[in-house]
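Quick look at what Swiss-Prot lists:
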ACT_SITE  Asp846  active site, proton acceptor
BINDING   Leu595, Gly596, Lys597, Gly598, Ala599, Phe600, Gly601, Ala602, Val603, Lys618  ATP binding site
COILED    146-205  coiled coil
COMPBIAS  730-739  compositional bias 'Acidic residues'
COMPBIAS  753-763  compositional bias 'Acidic residues'
DOMAIN    286-538  domain 'Protein kinase 1'
DOMAIN    589-1000  domain 'Protein kinase 2'
MOD_RES   Ser230  phosphoserine
MOD_RES   Thr666  phosphothreonine
MOD_RES   Thr869  phosphothreonine
MOD_RES   Thr898  phosphothreonine
MOD_RES   Thr903  phosphothreonine
MOD_RES   Lys1258  N6-acetyllysine
Amino acid sequence: MAGGRGASGRGRAEPQESYSQRQDHELQALEAIYGSDFQDLRPDARGRVREPPEINLVLYPQGLAGEEVYVQVELQVKCPPTYPDVVPEIELKNAKGLSNESVNLLKSHLEELAKKQCGEVMIFELAHHVQSFLSEHNKPPPKSFHEEMLERQAQEKQQRLLEARRKEEQEQREILHEIQRRKEEIKEEKKRKEMAKQERLEITSLTNQDYASKRDPAGHRAAAILHGGSPDFVGNGKARTYSSGRSRRERQYSVCSGEPSPGSCDILHFSVGSPDQLMVHKGRCVGSDEQLGKVVYNALETATGSFVLLHEWVLQWQKMGPCLTSQEKEKIDKCKRQIQGAETEFSSLVKLSHPNIVRYFAMNSREEEDSIVIDILAEHVSGISLATHLSHSGPVPAHQLRKYTAQLLAGLDYLHSNSVVHKVLSASSVLVDAEGTVKITDYSISKRLADICKEDVFEQARVRFSDSALPYKTGKKGDVWRLGLLLLSLSQGQECGEYPVTIPSDLPADFQDFLKKCVCLDDKERWSPQQLLKHSFINPQPKLPLVEQSPEDSGGQDYIETVIPSNQLPSAAFFSETQKQFSRYFIEFEELQLLGKGAFGAVIKVQNKLDGCCYAVKRIPINPASRHFRRIKGEVTLLSRLHHENIVRYYNAWIERHERPAVPGTPPPDCTPQAQDSPATCGKTSGDTEELGSVEAAAPPPILSSSVEWSTSAERSTSTRFPVTGQDSSSDEEDEDERDGVFSQSFLPASDSDSDIIFDNEDENSKSQNQDEDCNQKDGSHEIEPSVTAEAVHYLYIQMEYCEKSTLRDTIDQGLFRDTSRLWRLFREILDGLAYIHEKGMIHRDLKPVNIFLDSDDHVKIGDFGLATDHLAFTAEGKQDDQAGDGVIKSDPSGHLTGMVGTALYVSPEVQGSTKSAYNQKVDLFSLGIIFFEMSYHPMVTASERIFVLNQLRDPTSPKFPDDFDDGEHTKQKSVISWLLNHDPAKRPTAMELLKSELLPPPQMEESELHEVLHHTLANIDGKAYRTMMSQIFCQHISPAIDYTYDSDILKGNFLIRTAKIQQLVCETIVRVFKRHGAVQLCTPLLLPRNRQIYEHNEAALFMDHSGMLVMLPFDLRVPFARYVARNNILNLKRYCIERVFRPRKLDRFHPKELLECAFDIVTSTTNSSLPTAETIYTIYEIIQEFPALQERNYSIYLNHTMLLKAILLHCGIPEDKLSQVYVILYDAVTEKLTRREVEAKFCNLSLSSNSLCRLYKFIEQKGDLQDLTPTINSLIKQKTGVAQLVKYSLKDLEDVVGLLKKLGVKLQVSINLGLVYKVQQHTGIIFQFLAFSKRRQRVVPEILAAGGRYDLLIPKFRGPQTVGPVPTAVGVSIAIDKIFAAVLNMEEPVTVSSCDLLVVSVGQMSMSRAINLTQKLWTAGITAEIMYDWSQSQEELQEYCRHHEITYVALVSDKEGSHVKVKSFEKERQTEKRVLESDLVDHVMQKLRTKVGDERNFRDASDNLAVQTLKGSFSNASGLFEIHGTTVVPNVIVLAPEKLSASTRRRHEIQVQTRLQTTLANLHQKSSEIEILAVDLPKETILQFLSLEWDADEQAFNTTVKQLLSRLPKQRYLKLVCDEIYNIKVEKKVSVLFLYSYRDDYYRILF
């Protein structure tokens, strides 16, 4: 029993131990998992008495913590002793964020789970289930409406960020994919190359055979370099050629029978008359002159790439036998001597230059087998000769003849004043260029060469008979005789060959008297050109005030009335056949049809007799004394600049004057009062109808209290005048070079110079009113004085493009509204034309259907710009001021509003009203809205209906459309019309905005088909069509002419080794400065993909690779470097680079312009320091100090800040979203791409007010010291917070930089220029320029040496897709190194630059081996040395070679010298020679070089010290030179004369010496005792001989050189005194610097 009980007890104890172990293990695991959230609730958990587990777990949602947890609960589990076989007790306490229902639900779930897990440990499973439940119910508590709003906004922001991140990731993936694809392509390309290489090795012979058989021989023929007549484009791209098929220049001469083949091209060299040898490509023959025996060719001068004319004479002989006899040789030698005499004469002719003579450039003669060819290069004149005019055009009008005569006399007088006689003045030797300028050619030399070459050299002397009936008169009076005959021929339209000369009596009296003074038989009575210039024919006394001639009037003729039939033109004037001959209108044109006539004038359809094309000629009666005439001239000037396919072209304009008998009671033509005009004559120009005129007359007049004319600009009155012409052509080229430079000047506003316009308070109708008054006055005069008197009438003729079809008014009346596609196409073309004229800063202001024409191809042509102008805005205040003197404003019966611009039904409200509001180009858009409605609406039958409908449309509140227009078919039309007719101009669109609007349907298929195909092809770069297009593009043939001219301006053939040496010296000097700052040279890749964000103005030179990808050459060195820094994650670097940058050419098929730019950049990870900027500026200051030529120019430093510029723009009312556009406009203004008026027009298109523009100019024109500008800058701080913060930040940066520059010792003037705009889109922070003012072509112009700034924000734009990390600070400067080259080259004292230190010369061929070994030793020792390749050169040739290459030392190696070498020195213009052992040569040369370098360093240090002492940074005078401050240098002057001098003479010589050497002494002065001057009475050549004296050695060597000197020169006694004095100064006194000065020749040399 006992044993049984014991057994039974052990059996019960085993499960008990198993429970406790399992419980302990679970508790340990839970504690490890939950850590601090686990709590054992047993009071004595580790006591001896074992209790069942009772724990508490604090549970949260699974995987969450912190702010994301909104719910939690505590799980209490109390286990029985037999757990886990028995379910434990479960409780949930301290629940947060859970409702009671949720807690009960969770508890029920736990109880069910516990039952299922019975028999297994389950607390962890229960806890995990609780956490899962909490995760599902983890929701934030309800929030307030404000919190929900903020949360929603945060979510939206987060969504946007996610979307942006997604797009960025997509772009990154695309970039990475493209990178990977290109890597694969590179691998495939390598494989293909290997395979292709193997194939080429196998089939090389077959390939060569195929290539030879398929090669096109025609492709190797050289094309003609110079072609004949080129097409002249007229109108809408239509080409017309001259009737003769030749260029205007070719028609100067008769056809050349012996014209060479088009492929011939000879190269000629000219030396006579030119300082440098000229190389010329001889082109095709353009004519010959039998009288002068010459042939004329076109030619191209290679150095400048300019066209010239080549006049060629051939002196021919025929040999009687195989060899020349002595007599024949003597005759040939005689001819050669005559040609040499002609060359001597020609040397003086090339110096002649006058606007009315053709310049000679060079002459050359060359001997061939049986002839001598003489060539003369002359100026190329684009025009015709008067002989051609005589043969084709007949008589020259009197007015034009007067102009020709005055210019001929001016040129002839210039020749005579220079003792040059023309000898053969005739119609063929007078040219007239395109501007009407007369130029005399073939003077003097042509007659002489013609006489030499006229007959065979060996022909026997015989009597010659002249074919001319006129005697030949010689001398200057003979030129006047021939001038009279020429003028008589021009007036008659044919050559005058009778003798004695008879002057027709029907010529004007003053012209008859003028001709008598020219062709009188007695030479003594014949007037000179100077006397003839004062004749009354040249200087007439006009009855009416004459109009000032301008370029527009250069083709002006005497007036002659048109010959329109009387039934078409009732007011046609009377004319005679003689008067008709003087009219350019009748000479050049044939009348076809009267197109229209009205108050403003008549429009006539004519045909040009020369080209056969039809034109429309507008004939306008004018009064030359009126202000309105000046206005018309200005308008014609403006209109001539327009060239667009949708604008009527204006070709020529001229004035004709005619005196006719005035019939009493008859008004002048086109001056009939409007009330008397019949409907047929008082209409308008082409296409108008009587019905339209009546409609306009019935239109209600607008409310108007003053003349509706406008002022020239927002801040100028209406009388502001703009100069007519800008600079001359050379200045334009010079300005273009400046614009194409490394950078442009700062914003320096200047007066515009585009036109000479005074826009007065007159318009078309007020002008008619004035004409009516003139007519009334004339009528009154006739009543008082009924006799017939001569009356002068002036007409302006304007030659315009002729539109054959109709006007838009005709098209509207024919039912345009039915053809919707045509309607939209025409509307788009009108918008294109308006956008063009608005871009040019002009306003039409009279836009209506009758002023919009349609050509034969049904394309729009906007015309009738009679009231167009190009001013910025108009204010009514100016109108009222100007109205005061012009009388009362009325409506005239023609339907127009007098004083009103445009027609009442189309004029915009701001023009029509009387308020003081400004208007701009949008007035045309309002008129277009009315026009577009008429295009879209059915033709209105009656005038009253049209007036009513259009007035309803002009309602100020909103347009009121007719009921039958308000349907679904016109939805887009209504939207466009409502937008255009908005009475608020700010809300009205511009033409460009409307073109880009979605309201306009896409272009029609016939217009856009090609563009669509191209767009589709370019969009699919992997398609077959794209590859085919690229293949065709790269298969283009390049002609030899294009190949030659492509880089002709770069390869000019004028290479100079000295220029290259100077460039190398400058570069080495600049690099030395950079290296002192720790910079390293770093060059970036040449090509970049096209980047529109960086280069927005298409200023980069773009190219296309074989795949069609657009790449660009570097515009500057900054952008490629920023890209390089970004891609390589560079944080700290100082680099310099001297590389080429490129500018695109305006002309096609030209090599991009190359400029050499030097860049210096500092990249640092320090972001809050201004020291890098100051160091960059200081570096440029150091470079200036290295070059004396730059120190003399007095450079100033201009600073600005991009934030300060932004603050100014914001302060001036410019919206922040338009800042980028304003930067572009200001930058274009700085680079002079836009005139000031164009800038104003572009600002106006941005809807900026005139007040904003005035404030802007007020700020950007400010510059000065920081202290002086601080009040102006501080005035911005008082503005809104954003502007104030920008100003404070920028002001602090400017103060820091200015302070650092002072600490660094920068002595240049530092100024703040608020108008400095230098690549603002690229820079962020300080920007700066180094600028000086220099005098160029009689005007002071700014010259920029360097410019730069901070560009931190440019680097992130080039970062890769996966690049992270800080962005460094970067500051850089660009230096126009070409300007430094030019400054050093143009120094008064030329800089000595040598290509090597020593030249090794072998004396004889046997010594060449020794010379080679010696040169190798010099190279090894680090001495730059050259070896003379030609050992046979003479001593003179050797010296010339050393002089040309500026080599100082020469080593002569000869076997006769044994182991010695002769070393010749050419230092300081003296020659010395010394024998040195060959083994000691290296040491000897190095010692010489060290001495030379030390002397140069001492001289440079002395100059630098002087410059630092005297440099004050002040602008001393207009030339930009520094004033020399400090102590005046007064050295010891010794005057040594051959005879005794008086005290006054000696004093005069001393003053002369000190004045002459003042500047040089100031630069060399260190101590007064170390500089002395010896003034002697010797010539310049003798002074140079003293440089051979050797005073550095002992006395014996000095005496030896003195004996050598005296043996070569006379006056030995005086020379011995000079040598003794030199010995006393240099040897005994040991004076370091001695000036040997010749007061006879004012010449000196320095003896160091």
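Here the Cβ of each residue, glycine as well, is placed from N, Cα and C on the backbone.
Of all the recorded positions listed here (Lys597, Lys1258), it is Lys1258 whose C-beta has the fewest other C-beta atoms within 10 angstroms. Lys597 (ATP binding site) sits 18 Å from Asp846 (active site, proton acceptor), taking the C-alpha atoms as the reference points. The number of other Cβ atoms within 10 Å of the Cβ belonging to the residue listed as 'active site, proton acceptor', over all protein chains shown, comes to 22. For the binding-site residues Leu595, Val603, the largest tally of other C-beta atoms within 10 A is found at Val603. Cα spacing between Leu595 (ATP binding site) and Asp846 (active site, proton acceptor): 20 Å, rounded to the nearest whole number. Separation of the C-alpha atoms of Val603 (ATP binding site) and Lys1258 (N6-acetyllysine): 47 Å, rounded to the nearest whole number. Taking the C-alpha positions, the distance from the residue listed as 'N6-acetyllysine' to the residue listed as 'active site, proton acceptor' comes to 34 Å. The Cβ of Gly601 (ATP binding site) has 22 other Cβ atoms within 10 Å, all protein chains considered. Rounded to a whole value, the Cα-Cα separation of Asp846 (active site, proton acceptor) and Gly601 (ATP binding site) is 16 Å.
In the predicted structure, the domain 'Protein kinase 1' (286-538) carries a mean pLDDT of 83.
Lys1258 (N6-acetyllysine) falls within a helix when secondary structure is assigned with DSSP.
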